[in-house]
Amino acid sequence: VMAASKPVEAPGGGGTAGLSRWQLALVLGAPILLGAGAIYVWGRRAARRGKGASERKTPEGRASPGPGGDGGSGQPDGPGHEEMSPLGRAQAAKNKGNKYFKAGKYELAIQCYTEAISLCPPEKNLDLSTFYQNRAAAYEQLQKWTEVAQDCTKAVELNPKYVKALFRRAKAHEKLDNKKECLEDVTAVCILEAFQNQQSMLLADKVLKLLGKEKAKEKYKNREPLMPSPQFIKSYFSSFTDDIISQPLLKGEKSDEDKDKEGEASEVKENSGYLRAKQYMEEENYDKIISESTKEIEAKGKYMAEALLLRATFYLLIGNASAAKPDLDQVISMEDANVKLRANALIKRGSMYMQQQQPVLSTQDFNMAADIDPQNADVYHHRGQLKILLDQIEEAVEDFDECIRLRPNSALAQAQKCFALYRQAYTGSNALTVQAAMKGFEDVIKKFPKCAEGYALYAQALTDQQQFGKADEMYDKCIDLEPDNATTYVHKGLLQLQWKQDLDKGLELISKAIEIDNKCDFAYETMGTIEVQRGNLDKAIEMFNKAINLAKSEMEMAHLYSLCDAAYAQTEVAKKYGLKPPTL
């Protein structure tokens with residue numbers, strides 16, 4: 001992981017080389033975790049095959065659209081044979097309206113459609129729905145969104161599966177900032193169109209992201225800080241080697257004159273909040289670290305810089321970036337502090353900025369860290385991950401190379417370099433370089449057979465290349481090396497779905513992940529996504545809510561809310577219109 005950008009899925013965490021899950025899924029084409037609209041995943045495949053329909057601006061021409069149809073070509077009809085009947089007169093008024101519409105005379109068109117509505121016999125539901133929908137189209141041209149929504153509602157009441165009216169109402173709701181209603185309408189449209197229309201898919205995605213951001217902002221502000229699991233914390237610290245605060249207690253942390261006087265040395269420990277915090281860290285008693293570090297800081301003790309950095313790190317781990325920032329700022333500005341502490345603080349602040357989607361500030365911090373401590377391998381390792389996120393693959397590879405030069409035994413940097421090269425080859429669709437990257441993974445796991453991350457990243461590339469059996473073996477190697485790593489079980493569970501469409505086995509593995517680490521938000525998220533695809537929407541919403549309560553950043557929370565809202569919109573559409581997307 002990037003230091004704090006995620007303390008999510010740290011390396012050694014069977015994780016994703018600093019890529020957030022949805023970015024990775026988009027890059028590697030994992031079919032289940034696909035961006036904010038992940039819920040619509042099965043439809044997206046169809047959408048890729050289908051052609052996106054063009055913008056619907058025309059009024060209805062045909063009198064009677066079929067229940068699911070979009071009401072014909074939009075070409076106005078000629079006068080019908082029923083000219084003298086009430087319906088015939090209504091049709092004639094509508095045809096006149098269509099001519100005005102095409103000439104851009106929308107006010108006159110509205111008058112004609114209004115006349116058609118008043119002339120139409122009330123039992124002629126489909127004709128009447130067309131007239132309302134046509135009037136809504138004219139109101140849309142005048143940007144009268146409330147009237148658009150009202151007329152579309154009438155049209156849908158008369159013809160519940162009227163795609164054109166539903167989509168027009170969705171767009172009006174978007175303009176009126178009624179996001180929830182917009183999402184319900186556009187979800188119904190996506191299902192009715194079998195996910196063949198790019199426009200409705202894009203609107204769904206857009207509204208889901210906006211809703212997710214809005215809800216996450218509110219929730220994140222008021223969330224209870226939550227300490228991650230011990231496995232997660234250890235995994236996070238394992239991504240640093242030049243990090244003084246995460247090293248075990250050293251004799252050097254006692255002052256020279258106390259080295260041989262054990263009695264006095266233990267007194268130092270008693271009086272130093274930082275040394276007590278380090279002791280608690282070794283005992284995995286993480287809840288006491290912030291308060292002990294605070295004592296050292298308030299006493300302006302000998303280890304004040306270390307205590308500030310340690311406290312900031314745990315603030316980041318519990319998801320409290322606003323408390324972490326002033327501590328990191330202070331360490332970075334302490335010119336007389338150990339340069340390793342300042343560089344580590346810059347890496348963590350840079351990662352925090354990346355998580356807050358401020359890549360310019362993030363890049364500045366990493367560059368400053370490289371300037372003040374050019375021999376610090378951690379700087380290049382974490383900056384390499386930042387560069388992957390920014391899609392600057394060549395620069396990422398250079399950073400990983402520098403990290404490997406400084407620390408030739410860094411299995412992690414070698415595995416992540418392979419992953420970066422693989423991504424570059426894959427996105428460039430170059431079969432030869434893909435092969436070379438896959439060979440690179442083989443070399444890394446031969447050279448570092450004890451590095452779980454090497455197997456995990458190789459497994460992701462193999463899955464992508466549809467080499468499912470071999471990917472499964474790699475995940476098994478990860479599990480042998482790190483049996484308490486929950487994330488690996490989730491990835492292996494996802495693989496069963498892609499490989500054998502084996503939902504039961506997939507869910508069994510993901511349940512095992514939760515058993516190992518009941519704070520693994522990735523497991524709950526994945527379980528929710530699977531339940532959506534099984535059609536168990538209430539269960540899915542329950543899982544997404546569990547993940548939301550465990551999310552470690554606002555950005556991640558927003559993504560989870562998007563998934564949850566999409567599932568909820570589907571339950572509402574199922575209730576209202578009896579519509580359900582295809583399930584596994």
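For all residues, glycine too, the Cβ spot is worked out from N, Cα and C.
According to TrEMBL, the feature transmembrane segment maps to 22-42.
Summarising the annotation, TrEMBL assigns region 'Disordered' to 49-86.
Residues or ranges marked as compositional bias 'Gly residues' by TrEMBL: 66-77.
Residues annotated as repeat 'TPR' in TrEMBL: 90-123 (among others).
Same-chain residues lying 6+ beyond the ends of the repeat 'TPR' (343-376) with a Cβ under 8 Å from its Cβ atoms: 1-6, 240, 242-245, 309, 312-313, 316, 321, 324-325, 328-329, 331-332, 382-383, 386, 389-390, 406, 553-555. As annotated by TrEMBL, repeat 'TPR' applies to 343-376 (among others).
Annotated repeat 'TPR' per TrEMBL: 377-410 (among others), in sequence order.
If you look up TrEMBL, you'll see 452-485 (among others) marked as repeat 'TPR'.
TrEMBL lists 521-554 (among others) with the feature repeat 'TPR'.
Per DSSP, the secondary structure of the repeat 'TPR' (343-376) breaks down as 27 helix, 0 strand, 7 coil. Per-residue confidence over the repeat 'TPR' (521-554) averages out at a pLDDT of 91. Residue counts for the repeat 'TPR' (452-485) under DSSP, split into helix (H, G, I), strand (E, B) and coil, are 27 helix, 0 strand, 7 coil.
Residue counts of the repeat 'TPR' (90-123) by helix, strand and coil are 27 helix, 0 strand, 7 coil (DSSP-based).
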